[in-house]
Amino acid sequence: MAATTESVKADAAEAPLLNKKNMYLGALVYIIFYGWVRWYEGVYGWSAGLDSFAPEFETYWMNFLYIEFVLEVSTAGILWGYIWKTRDRKVMSITPREELRRHFTHWVWLVMYGIAIYYGASYFTEQDGTWHQTIVRDTDFTPSHIIEFYLSYPIYIITGGAAFLYAKTRLPAYQQGLSLQYLVSVVGPFMILPNVGLNEWGHTFWFMEELFVAPLHYGFVFFGWAALGVMGVVNTEVASIAKLLKKDLA
Amino acid sequence: MSASQSAVRSRAEAVKASRTFDWLICFTLFFVVLGGYHIHYMLTGGDWDFWTDWKDRRLWVTVAPIVAITFPAAVQAMLWWRYRLPFGAVLCILGLLLGEWINRYLNFWGWTYFPVNFVFPSNLMPGAIVLDVILMLSNSMVLTAVLGGLSFGLLFYPGNWPIIAPLHVPVEYNGMMMTLADLQGYHYVRTGTPEYIRMVEKGTLRTFGKDVAPVSAFFSGFMSILIYFIWHFFGQWFNKTDFVKSA
């Protein structure tokens, strides 16, 4: 009887399989932050973002760029460092329930990756089209680029890297090596950022007009395809979760 | 880890966990595919999709389906061939259209002040439905590529015709003949994309007038067949669960 009571108490005190609060909070952080960013663009894009030689451009846009560089490097270092440092060194001996709980946490990371990819690859990239097709650029660091390339891309890179590291350090399913499709789905979109070098060089050297379908942009396209690697990740996850639940679902 | 231990306490909890994973997977797959597909589509066919004055009877009709059939083919290779879910193409197009519509409202209109009837996205849904239905009924990749790919190209213009027709009405302006869409373009100046880089209706095909759109759609259908094959195999590769083992 005493043992049963203890067990019930332990169950009640146990962390939930899926921490919904963390998931909704995480999603809200992205949505509210990017809502604020969009407000900032709306206010300071037209009023301070048209002439890169103007003092207000330095105040509102270049300082924004410097601050985001510092924050991104430190966030990546702290987050990735924390996940790696607190890794489970006996990952193959965890209980099935703990493994299921970790799969849920992994999926919280993947949901965040979905949101971050949406904002980076869809929302801010097409937004860049309308800004640069409307405004003639006089610098590589335009208001649109400061947000798209140097904010939204690093954020999905940091999020994707965190999801990958979490899986690698805490889930038995990823201990047989490096998941190739997972690597592709994280490293491919990451390569979009270095490809900015080609983009800027090309716009500086060949033409400053904005033709979105110009071959100069095909690097972004190629690395964008890598997002499809998420299908391999889903398949790996489905196989692992099915193994954990199959017996009870039969 | 003991094989006899269970991850859940009851069947009900197992069912609940399984359903929750389904939702998490759907959400993530939808938005990651949306991101990858949207960046691909906007940078290979985007200019024709952004502006009505680019939505001509020739290049728009040719280019859009060819570059749009890529991700649907790859995602079908996962959803149908692994899970027997017959909505890979529709899922991709829904994602693409969601990303585009949000952008056209919040950014094209909300930030750079172009009216939405100048910047609405192309409709790709009829071709996607046909692509999924053919795969579901035939269970054949070859048939889906040939019939579905051809239909995807052929249906694009009819699927957009009711939307674009009012803007293809001819008008005379300052002694010149043009379409209403052209006139929109002249009025809403895009300084970063001057008129000399606009690519519309080049070549001799327009000599034949009314045949331009169907001939372009037929060529687009032909190319869509080939692209479907290639992207089906891309999709198969992305579907693998390979691991790189350390030496």
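Backbone N, Cα and C atoms are what each Cβ position is placed from, and that goes for glycine too.
Quantities reported herein were computed from a predicted structural model and do not represent experimental measurements.
Quick look at what TrEMBL lists:
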- A:23-40: transmembrane segment (TRANSMEM)
- A:60-83: transmembrane segment (TRANSMEM)
- A:104-125: transmembrane segment (TRANSMEM)
- A:145-167: transmembrane segment (TRANSMEM)
- A:179-198: transmembrane segment (TRANSMEM)
- A:218-238: transmembrane segment (TRANSMEM)
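The listed stretches are A:23-40, A:60-83, A:104-125, A:145-167, A:218-238; of these, A:218-238 has the most Cβ pairs under 8 Å to the transmembrane segment (A:179-198).
When each of the listed stretches A:23-40, A:60-83, A:218-238 is scored by C-beta pairs under 8 angstroms to the transmembrane segment (A:104-125), A:23-40 comes out highest. Residues 40, 44, 48-49, 52, 141, 143, 146, 150-151, 154-155, 157-158, 161-162, 165-166, 169 of the same chain lie 6 or more positions beyond the ends of the transmembrane segment (A:60-83) yet place their CB under 8 Å from a CB of it.
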